[in-house]
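According to TrEMBL, the protein has these features:
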type: BINDING; residues: Gly13, Val14, Gly15, Lys16, Ser17, Thr18, Arg118, Arg153; note: ATP binding site
type: BINDING; residues: Ser17; note: Mg(2+) binding site
type: BINDING; residues: Asp35, Arg59, Gly81, Arg136; note: substrate binding site
Amino acid sequence: MSAPLVVLVGPMGVGKSTVGQLLAERLGVGFRDTDEDIVAEQGRSIADIFVDEGESAFRALEKRSVHTALAEHDGILALGGGAILDEETRALLGGHRVVYLSMDVEEAVKRTGLNVARPLLAVNPRRQWRELMEARRHLYEEVATAVVATDGRSPEEVGQAALDALELKEA
Ligand code: S3P
(Lines of atoms letter the chains of each structure in order from A and count residues from 1; the text may use other names and numbers.)
(Lines give C-alpha, C1' and ligand atoms only; values in the text may rest on other atoms or scores of the structure.)
Protein backbone atom coordinates (compact mmCIF):
# COMPACT_ATOMS: atom_id res chain seq x y z
CA MET A 1 0.00 0.00 0.00
CA SER A 2 1.43 3.37 -0.99
CA ALA A 3 0.16 6.93 -0.75
CA PRO A 4 0.16 9.75 -3.29
CA LEU A 5 2.82 12.38 -2.78
CA VAL A 6 0.21 15.07 -3.42
CA VAL A 7 -3.54 14.93 -4.07
CA LEU A 8 -5.05 17.80 -6.05
CA VAL A 9 -8.67 18.81 -5.47
CA GLY A 10 -10.72 21.74 -6.71
CA PRO A 11 -13.45 22.61 -9.18
CA MET A 12 -13.54 21.55 -12.80
CA GLY A 13 -11.40 23.64 -15.09
CA VAL A 14 -9.12 24.89 -12.34
CA GLY A 15 -6.16 23.08 -13.89
CA LYS A 16 -5.73 19.99 -11.72
CA SER A 17 -4.57 17.87 -14.68
CA THR A 18 -2.28 20.49 -16.20
CA VAL A 19 -0.73 21.51 -12.89
CA GLY A 20 -0.62 17.89 -11.76
CA GLN A 21 1.37 16.85 -14.80
CA LEU A 22 3.78 19.73 -14.32
CA LEU A 23 4.27 18.86 -10.67
CA ALA A 24 4.81 15.21 -11.53
CA GLU A 25 7.52 16.15 -14.03
CA ARG A 26 9.23 18.48 -11.62
CA LEU A 27 9.15 15.99 -8.78
CA GLY A 28 10.10 13.04 -10.97
CA VAL A 29 6.98 10.99 -10.13
CA GLY A 30 3.96 9.68 -12.01
CA PHE A 31 0.67 11.47 -12.61
CA ARG A 32 -2.78 9.93 -12.32
CA ASP A 33 -6.24 11.42 -12.80
CA THR A 34 -9.32 9.63 -11.47
CA ASP A 35 -11.56 10.94 -14.28
CA GLU A 36 -9.19 9.29 -16.77
CA ASP A 37 -9.27 6.06 -14.79
CA ILE A 38 -13.07 6.02 -14.96
CA VAL A 39 -13.11 6.73 -18.72
CA ALA A 40 -10.53 4.00 -19.35
CA GLU A 41 -12.36 1.47 -17.21
CA GLN A 42 -15.81 2.26 -18.60
CA GLY A 43 -14.76 2.79 -22.20
CA ARG A 44 -16.88 5.94 -22.55
CA SER A 45 -16.75 9.61 -21.69
CA ILE A 46 -17.80 11.13 -18.37
CA ALA A 47 -20.54 13.02 -20.22
CA ASP A 48 -21.87 9.73 -21.63
CA ILE A 49 -21.87 8.12 -18.18
CA PHE A 50 -23.90 11.06 -16.81
CA VAL A 51 -26.37 10.86 -19.69
CA ASP A 52 -26.69 7.05 -19.73
CA GLU A 53 -26.78 6.33 -16.01
CA GLY A 54 -27.16 9.59 -14.12
CA GLU A 55 -25.01 11.42 -11.64
CA SER A 56 -25.38 9.04 -8.70
CA ALA A 57 -24.13 6.08 -10.76
CA PHE A 58 -21.18 8.22 -11.82
CA ARG A 59 -20.48 9.14 -8.18
CA ALA A 60 -20.36 5.47 -7.22
CA LEU A 61 -17.82 4.76 -9.97
CA GLU A 62 -15.89 7.85 -8.94
CA LYS A 63 -15.76 6.84 -5.29
CA ARG A 64 -14.37 3.43 -6.19
CA SER A 65 -11.69 4.83 -8.47
CA VAL A 66 -10.65 7.50 -5.97
CA HIS A 67 -10.29 4.94 -3.20
CA THR A 68 -8.31 2.60 -5.47
CA ALA A 69 -6.00 5.38 -6.66
CA LEU A 70 -5.40 6.63 -3.10
CA ALA A 71 -4.30 3.13 -2.13
CA GLU A 72 -2.21 2.43 -5.25
CA HIS A 73 -0.67 5.59 -6.58
CA ASP A 74 2.48 7.13 -5.15
CA GLY A 75 2.84 10.19 -7.41
CA ILE A 76 0.56 13.17 -8.05
CA LEU A 77 -3.14 12.34 -8.03
CA ALA A 78 -5.84 14.66 -9.42
CA LEU A 79 -9.43 14.01 -8.29
CA GLY A 80 -12.57 14.93 -10.25
CA GLY A 81 -14.16 18.14 -8.98
CA GLY A 82 -17.03 16.40 -7.21
CA ALA A 83 -15.08 13.60 -5.55
CA ILE A 84 -15.06 15.47 -2.22
CA LEU A 85 -18.87 15.30 -2.04
CA ASP A 86 -18.50 11.80 -0.62
CA GLU A 87 -18.07 11.70 3.13
CA GLU A 88 -15.95 8.54 3.22
CA THR A 89 -13.67 9.98 0.57
CA ARG A 90 -13.23 13.12 2.65
CA ALA A 91 -12.40 11.00 5.70
CA LEU A 92 -9.88 9.02 3.68
CA LEU A 93 -8.23 12.21 2.46
CA GLY A 94 -7.56 13.09 6.09
CA GLY A 95 -4.34 11.12 6.01
CA HIS A 96 -2.99 12.77 2.84
CA ARG A 97 -1.24 15.88 1.62
CA VAL A 98 -4.06 17.63 -0.25
CA VAL A 99 -3.82 20.84 -2.28
CA TYR A 100 -7.02 22.74 -3.08
CA LEU A 101 -6.61 24.69 -6.31
CA SER A 102 -9.11 27.55 -6.14
CA MET A 103 -10.39 30.17 -8.57
CA ASP A 104 -13.07 32.85 -8.57
CA VAL A 105 -16.20 32.80 -10.69
CA GLU A 106 -14.95 35.04 -13.50
CA GLU A 107 -11.86 32.92 -13.99
CA ALA A 108 -14.06 29.81 -13.93
CA VAL A 109 -16.38 31.08 -16.64
CA LYS A 110 -13.38 32.10 -18.74
CA ARG A 111 -11.86 28.64 -18.44
CA THR A 112 -14.89 26.35 -18.58
CA GLY A 113 -17.48 28.62 -20.26
CA LEU A 114 -18.96 26.66 -23.11
CA ASN A 115 -17.27 23.36 -22.53
CA VAL A 116 -19.94 20.79 -23.34
CA ALA A 117 -17.70 17.99 -22.06
CA ARG A 118 -18.57 19.18 -18.55
CA PRO A 119 -22.18 18.17 -18.07
CA LEU A 120 -22.63 20.06 -14.81
CA LEU A 121 -21.94 23.43 -16.45
CA ALA A 122 -23.75 22.92 -19.75
CA VAL A 123 -26.51 25.47 -19.07
CA ASN A 124 -25.97 28.94 -17.56
CA PRO A 125 -22.37 28.30 -16.46
CA ARG A 126 -22.03 31.37 -14.23
CA ARG A 127 -25.06 30.57 -12.07
CA GLN A 128 -24.29 26.88 -11.93
CA TRP A 129 -20.73 27.62 -10.97
CA ARG A 130 -21.87 29.82 -8.06
CA GLU A 131 -24.27 27.16 -6.83
CA LEU A 132 -21.69 24.42 -7.13
CA MET A 133 -19.13 26.41 -5.21
CA GLU A 134 -21.60 27.38 -2.48
CA ALA A 135 -22.22 23.69 -1.93
CA ARG A 136 -18.60 22.63 -2.18
CA ARG A 137 -16.20 25.37 -1.08
CA HIS A 138 -16.25 24.31 2.56
CA LEU A 139 -15.67 20.68 1.54
CA TYR A 140 -12.57 21.57 -0.48
CA GLU A 141 -11.36 23.63 2.46
CA GLU A 142 -12.10 20.82 4.89
CA VAL A 143 -9.86 18.30 3.09
CA ALA A 144 -7.09 20.72 2.11
CA THR A 145 -3.73 20.90 3.79
CA ALA A 146 -2.85 23.84 1.49
CA VAL A 147 -4.92 26.21 -0.65
CA VAL A 148 -3.41 27.68 -3.83
CA ALA A 149 -5.29 30.43 -5.72
CA THR A 150 -4.95 30.07 -9.48
CA ASP A 151 -6.56 33.32 -10.67
CA GLY A 152 -4.40 35.08 -13.23
CA ARG A 153 -1.56 32.60 -12.73
CA SER A 154 0.02 30.32 -15.32
CA PRO A 155 0.14 26.57 -14.63
CA GLU A 156 3.88 26.93 -13.92
CA GLU A 157 3.21 29.64 -11.33
CA VAL A 158 0.48 27.57 -9.72
CA GLY A 159 2.78 24.54 -9.61
CA GLN A 160 5.50 26.60 -7.98
CA ALA A 161 3.06 28.02 -5.44
CA ALA A 162 1.95 24.47 -4.58
CA LEU A 163 5.56 23.33 -4.11
CA ASP A 164 6.22 26.34 -1.90
CA ALA A 165 3.06 25.77 0.14
CA LEU A 166 3.98 22.14 0.70
CA GLU A 167 7.66 22.85 1.14
CA LEU A 168 8.45 20.12 -1.38
CA LYS A 169 11.79 20.06 -3.15
CA GLU A 170 12.27 19.09 -6.79
CA ALA A 171 13.86 15.77 -7.74
C1 S3P B 1 -17.28 17.01 -11.95
C2 S3P B 1 -16.02 17.29 -12.37
C3 S3P B 1 -15.39 16.62 -13.52
C4 S3P B 1 -15.99 15.24 -13.74
C5 S3P B 1 -17.48 15.33 -13.81
C6 S3P B 1 -18.11 15.94 -12.58
C7 S3P B 1 -17.84 17.74 -10.80
O8 S3P B 1 -14.00 16.47 -13.28
O9 S3P B 1 -15.60 14.35 -12.74
O10 S3P B 1 -17.81 16.08 -14.96
O11 S3P B 1 -18.84 17.30 -10.20
O12 S3P B 1 -17.27 18.79 -10.43
P13 S3P B 1 -12.91 17.66 -13.45
O14 S3P B 1 -12.92 18.41 -12.16
O15 S3P B 1 -11.63 16.92 -13.64
O16 S3P B 1 -13.33 18.45 -14.62
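Each Cβ is built from the backbone N, Cα and C atoms, and glycine gets one as well.
Comparing Gly81 (substrate binding site) with Gly13 (ATP binding site), their Cα atoms are 9 Å apart once rounded. Calculated from their C-alpha atoms, the gap between Arg136 (substrate binding site) and Gly13 (ATP binding site) amounts to 15 Å. Gly15 (ATP binding site) falls outside any helix or strand according to DSSP and counts as coil.
When other Cβ atoms within 10 Å of the Cβ of Gly15 (ATP binding site) are tallied across all protein chains shown, the result is 22. Under the DSSP three-state reduction, Arg136 (substrate binding site) is assigned to helix. Taken over all pairs of the listed substrate-binding residues (Asp35, Arg59, Gly81, Arg136), the Cα spread reaches a maximum of 18 Å, rounded to the nearest whole number. When the Cα of Asp35 (substrate binding site) is compared against those of the binding-site residues Gly13, Gly15, Ser17, Thr18, the shortest separation belongs to Ser17. Gly15 (ATP binding site) sits 21 Å from Arg59 (substrate binding site), taking the C-alpha atoms as the reference points. Under a cutoff of 8 A between CB atoms, and with a sequence separation of 6+ in the same chain, the neighbours of Ser17 (ATP binding site) are Asp33, Ala78. Taking a C-beta cut-off of under 8 Å and a sequence gap of six or more, Arg59 (substrate binding site) has these contacts in its own chain: Gly82, Leu85, Asp86. The 6 Å Cβ screen around ligand 1 retains Asp35, Gly81 from the binding-site residues Val14, Thr18, Asp35, Gly81, Arg153, ordered by sequence position.
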